[in-house]
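Novice: Just dropping this structure here.
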Amino acid sequence: MATPWGVGALLLLLLASGWGAAPEEPSNACLGLSIKDQYDPFHLNRTAKCFASCLPLGGVSCNVENLERYWLHYELYLVEKSLAERVDMPSVKALLRNLSTDISEDLLFSLKPSQVPRQVMTGEDKPPDRVRLPRSLFTSLPGNRSAVRLAVSVLDIGPGNLFKGPQLPLEDGGSVLNNHVVGLSLGHTPVARLPEPLEITFSHQPPPTNMTLTCVFWDVNKGPTGDWDSKGCSTRLGAEGTVCHCDHLTFFALLLRPVLDQATVQALTRISQAGCGVSMIFLAFTIVLYVVLRLFLQRFKSEDAPKIHVTLSSSLFLLNLAFLISVGSGSAGSHAACWVRGAIFHYFLLCTFTWMGLEAFHLYLLAIRVFNTYFSHYFLKLSLVGWGLPVLMVIGTGSTNSYGLYTIRDQENRTSLELCWFRKEPALYVTVHGYFLITFLFGAVVLALVAWKIFTLPRVTAGKEQGQNWKTVLTILGLSSLVGVTWGLAILTPLGLSTIYIFALFNSLQGVFIFCWFTILYLPAQISAPSSSGGTARLDQAPSVSHE
């Protein structure tokens, strides 16, 4: 039998728990129980709290399908049943307007997230966040209606997993820009395949270099309640932000997506690592072969061309080694250690670019200028430029504290690769992109001039050997590996995924190409019979341009 204290405690618990008509607990609200068509301020505020509390780990129990369905029907409720003209709540702000379908101009509405949407009158400055509805939208509505009720809303979906969709799970990072969703509705009136699309402008800061922005809408036909899709929407990056053009009315958002998906990033990383490993082996063979030839052949002690080749091989070897260490280490270690690894990786990359430019310069002196090419201490001066100029650039970059952890994310916003690199984009654009573009263009111009000279030389040379054309082609290919033409494939990567794979493969094998070129030129069999190599050997066997 229960004691009087026990009965009293039970009554207190029943009263405190709201036995009878008391409101439900927040956890029940996030389960979406008994909230259908309950759009009074109390239920709206309780359900809006689920945007922040419905987390995959550590959050309250939620039924995402019920909650998403609740908010999808809310805008329909505003149009069809509500008499309100505006809604001003922390999580949702909406404007309701009764409009004549016989309008003479487009309608413009401000979408500032902190304010209730408002109509922008003619002559006002355009707000940074806005939606433009073309007048043709209203004149093309079915049923010859003279008036319609329009709902324009801005929904703050918060950091939870609501409206993230199956393709954008919260545990991998939310991807809806600023967690804001724009809703446009005429109630049950269907609006699709507009002849003139509506326009939504989202203002934002420039996205990271490894991320891309995509205009999407919530497609209710995907999954139990829907998912994000971009069909019927186009994305255009403008000066003020991103402009979305869509041919229907629904809920819209701007997704921040990684450029590459996780599988692609992993495959490219494996290809690059394997290619770098193979290149390092062949670059080591090149260096050893040079040392052996220098010990037994006197000409290798005086000629500059093989010295430049082996120095480029050394810089490439160190660059590949720095890359493998950086990729393998990831974010391990302190910030200072990551700063040092990023600076070392940057230095050897700049050394590689510089020596490829010096290869092009040397090729210009031998094949184009030819005469008056004497420089005292020529190779010493090249070495000061090849190893010294990158030092100055790294010191300048380091003084701006531009090195740090660089993260590559996939399309699900999951971290696919971490390495110590740049954390400030301006320094990356100037010292890597800009510097590479200068050296690459210089090398491409010199290579084009040399190719023109080689292909036109047989026309004026009597007694041209048979089969010389393929040797000439091999010469151009060999020289292209020295001046870094494989790096130029990076310019083609925006054309598609296949070009990205081609760049990763050929560029990581540059060391193999250099070894093949070096072997063809300088093996004793070729040296003892230089005439058999034709144009392939003549360029590097020209007289030295210096006397040290």
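Just so it is clear, glycine is given a Cβ too, placed from its N, Cα and C backbone atoms.
Reproduced below are the annotations present in TrEMBL:
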type	residues	note
DOMAIN	107-262	domain 'GAIN-B'
DOMAIN	268-522	domain 'G-protein coupled receptors family 2 profile 2'
SIGNAL	1-20	signal peptide
TRANSMEM	277-297	transmembrane segment
TRANSMEM	309-332	transmembrane segment
TRANSMEM	344-366	transmembrane segment
TRANSMEM	378-396	transmembrane segment
TRANSMEM	432-452	transmembrane segment
TRANSMEM	473-493	transmembrane segment
TRANSMEM	499-523	transmembrane segment
Novice: Run the contact check on the transmembrane segment (277-297) against the transmembrane segment (432-452): 3 or more C-beta pairs under 8 Å, excluding pairs closer than 6 in sequence.
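Specialist: Answer no, regions not in contact.
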Novice: Taking the transmembrane segment (344-366) as reference, which of 309-332, 378-396, 432-452, 473-493 has the most Cβ pairs under 8 angstroms?
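Specialist: Answer, by Cβ pair count: 432-452.
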Novice: Between the transmembrane segment (499-523) and the transmembrane segment (432-452), are there at least three Cβ pairs closer than 8 Å, leaving out pairs fewer than 6 positions apart?
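Specialist: Output no: the transmembrane segment (499-523) is apart from the transmembrane segment (432-452).
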Novice: I need to check the long-range neighbours of the transmembrane segment (432-452): which residues 6 or more away from its ends have a CB within less than 8 Å of a CB in the stretch?
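Specialist: For the transmembrane segment (432-452), the list is 346, 349-350, 353-354, 356-357, 359-361, 363-364, 367-368, 393, 422, 476, 479-480, 483-485, 487-488, 539.
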Novice: Counting only residues 6+ away from its ends, which parts of the chain sit with a Cβ under 8 Å from the transmembrane segment (473-493)?
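Specialist: 309, 312, 352-353, 356-357, 359-360, 363, 436, 439-440, 443-444, 446-447, 450-451, 454, 499-500, 502-503, 506-507, 509-510, 513-514, 516-517, 520-521, 535-536, 539.
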Novice: Other than its close neighbours in sequence, what residues sit by the transmembrane segment (309-332), given a CB gap under 8 Å and a spacing of at least six beyond its ends?
Specialist: 269, 272-273, 276-277, 279-280, 283-284, 286-287, 290, 338, 341-342, 344-345, 348-349, 351-352, 355-356, 358-359, 383, 386, 405, 417-421, 482, 508, 510-511, 514-515, 517-518
Novice: Sequence-remote contacts (6 or more beyond its ends) of the transmembrane segment (378-396), Cβ cut-off under 8 Å?
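Specialist: Cβ under 8 Å, 6 or more out: 304, 307-308, 311, 315, 343, 346-348, 350-351, 354-355, 358, 362, 431, 435, 544-546, 548.
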